[in-house]
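What follows is a short report on a single structure.
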Amino acid sequence: MLKNFIQKGKLINSISSSSSFQSSTFLNNNGFNSGAWVGSRFFSLEQLKKKTKNQKLINWVEEQAKLCKPDNIYICDGSEEEFKKFTDDMVKSGTLIKLNSKRPNSFLARSDPSDVARVESRTYICAKTKEDAGPTNNWMDPNQMKQTLKPLFNGSMKGRTMYVMPFSMGPLGSDISHIGVQVTDSPFVVCNMKIMTRMGDKVLNQIKENDDFVPCLHSVGAPLAKGQKDSHWPCNPNKYIVHYPEERSIQSFGSGYGGNALLGKKCFSLRIASSMAKEGGWLAEHMLILSLTNDKGEKKYIAAAFPSACGKTNLAMANSVLPGYKVQVCGDDIAWMTMRNGQLYAINPEFGFFGVAPGTSASSNPNALAAISKNTLFTNVALTPDNDVWWEGLSSPPPTAIDWLGNEWHPNGEGNNTFAAHPNSRFTAPLSQCPSIDPEWNNPTGVPISAVIFGGRRSSTVPLVYQALNWKHGVFMGASTASELTAAAEGTVGTLRHDPFAMLPFCGYNMGDYFAHWLSMEQKAGSNADKLPKIFYVNWFRKNKTSGKFLWPGFGENVRVLKWIFDRCNSTLDTTDGKATQTPIGFVPSNNSIDLNGLEINKSSLKELFSLNKSEWLHDLKSMRQFCQQFGDRLPNEIKNQMDQLENRLNKD
């Protein structure tokens with residue numbers, strides 16, 4: 001049924017459906033048609049022209065409209081009214097399920113079973129040369145890729161609306177922030193982007209006449225014929241997620257899943273931004289940002305890089321078990337860092353949390369539970385009989401539920417899926433709703449970083465925590481990061497893979513050059529190099545070799561390790577403070593330097609947590625050498641030197 005949707009003085013014809021605003025015309029405030037014909041369809045660009053003088057933006061949107069042939073174009077303003085309109089429409093169409101009033105303004109979506117995670121095998125870095133993309137990225141000649149994608153995008157939005165979303169990665173007005181514009185045919189993507197980025201009119205107003213922006217084209221690749229019923233989760237089995245680093249542009253086809261479709265997230269803020277950062281002398285990293293305040297009121301900011309689903313969100317939102325210590329969060333996934341007088345300052349370019357649901361509970365992450373108590377989009381979790389959400393690890397299982405595939409589910413029942421919620425099921429929630437949000441989280445200047453932590457999921461070999469001997473050694477530690485695979489990426493769960501800096505899926509250029517860029521920060525800092533962050537490595541996941549049980553309780557107890565890191569940031573790179581012992585791999589906590597007051601942990605577990613097995617480390621080093629061979633002459637000599645030095649220290653010990 002056609003109805004008028006009045007929004008901020010604009011009268012737009014619309015139809016309630018999953019694709020929203022399915023009218024073939026737009027009307028201006030006087031009720032007259034305005035716009036230009038494209039083929040047999042009518043598109044209005046007058047609203048965009050009224051809002052911006054940036055001709056590059058206007059031309060780009062018009063080009064995408066001519067290519068994708070949507071039924072209409074809608075310029076998103078980012079308002080709450082707009083969000084409500086889209087979610088109401090998607091509830092009516094079956095794309096969303098509205099949750100009960102105890103979780104206000106929150107919704108559940110179920111994806112197509114084939115569209116549940118990032119698709120690394122279909123993700124491309126189309127640099128001008130294969131060498132610039134590097135051996136860890138999929139590559140195709142950019143012109144060839146565009147020829148491949150053009151027929152796929154041609155008419156891909158028929159029967160749908162093209163939504164135009166101006167968005168800012170980072171606080172508006174920050175010299176660290178950058179602006180993008182995404183067009184999409186998915187209202188679900190629009191609603192997620194409203195939460196995850198600063199999106200809408202306030203951003204469009206920032207794009208001046210000659211400003212650059214990162215253009216992001218997205219289509220689910222499921223055009224609708226006239227009268228055709230839409231899917232609750234339209235997607236296409238032929239998926240491409242493509243980045244052009246020299247052009248600073250993105251194209252994504254076929255997927256509606258977060259990391260593939262929310263192009264401000266991994267695509268822009270890591271793959272494209274890392275390339276921009278290399279050129280601009282800054283860092284775009286797969287890192288959380290947190291602050292730790294000690295019992296004397298002193299605060300330090302820490303950035304930490306872990307692969308997906310290895311505890312970034314839980315650490316960023318940890319509740320301290322130590323009296324007088326407080327953890328606050330600036331971001332749980334991405335950090336953009338720039339140097340000022342040797343000091344790295346970081347912003348979180350995102351505006352929301354896109355967290356893994358399974359395992360999130362009142363005991364593991366109470367702040368996350370509070371953050372997702374309202375205004376949240378859930379994907380692929382289970383639905384309880386009272387219209388709330390559930391996932392493994394949240395609480396005791398409900399007596400019955402509807403699983404992520406839409407089937408009836410009973411705990412331990414016959415014919416069940418293994419999981420009620422998909423292992424990579426997600427929540428999208430505003431950062432501002434987290435009770436432990438740091439007051440500086442939205443500061444356009446950024447926050448000063450005192451420590452950088454690397455870590456991964458290792459069941460053996462790597463101790464609970466150790467510290468780099470110097471900056472070069474710290475870069476090597478980041479480069480040697482390895483982790484057991486998780487459900488957030490394609491592949492066999494549990495398989496160990498090298499994941500340097502937790503950036504393997506996200507580095508937008510040759511990773512050998514990326515290592516060199518990190519090494520260059522020391523020279524860039526010059527005489528202020530002592531202000532560079534101290535570098536550490538942690539492993540919460542080490543297991544007892546006999547029982548297979550975790551040796552460290554993790555979660556809030558990890559603050560004990562953060563306290564040691566905090567104290568080491570106040571010390572020089574030696575052992576004079578009595579809190580560290582030098583070993584072949586770096587500085588490890590000396591006896592009794594980790595605050596264990598109130599923690600029940602036996603001496604044998606503690607000993608195993610910090611044990612160093614020479615043969616295991618030499619095996620890891622051999623694996624690292626093999627991994628680095630692929631970079632050829634793009635591997636910095638300093639990384640080779642660090643491998644040699646580590647081997648010498650291990651053999652001397």
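The backbone N, Cα and C atoms fix where each Cβ goes, glycine too.
Phosphoenolpyruvate binding, as stated in Swiss-Prot, involves GLY259, ASN424, ARG426; the candidate among ARG103, ARG110, ARG118, ARG568 given for that site is ARG118. The 10 Å shell around the Cβ of HIS286 (Mn(2+) binding site) contains 25 further Cβ atoms across the protein chains shown. Among the listed binding-site residues, namely GLY311, PRO358, the Cβ with the most fellow Cβ atoms inside 10 Å is that of GLY311. Surrounding the centroid of the Cβ atoms of LYS266, HIS286, CYS310, ASP333, where the record places Mn(2+), the chain contributes additional residues within 8 Å, namely LEU270, MET287, ALA305, PHE306, PRO307, SER308, LYS312, ILE334, ALA502, PHE506. Within its own chain, THR313 (GDP binding site) has LEU288, ASP332, ASP333, PHE353, GLY355, VAL356, THR360, ASN365, ALA368 as residues 6 or more apart in sequence whose C-beta sits under 8 angstroms from its own.
When the record's phosphoenolpyruvate-binding residues ARG118, GLY259, ASN424, ARG426 are compared pairwise by CA position, the greatest distance found is 12 Å.
Taken residue by residue with DSSP, GLY259 (phosphoenolpyruvate binding site) is part of a helix. Fewest other C-beta atoms within 10 angstroms, among the binding-site residues TRP540, PHE555, are seen around PHE555. On a Cα basis, PHE555 (GDP binding site) lies 19 Å away from ARG426 (phosphoenolpyruvate binding site).
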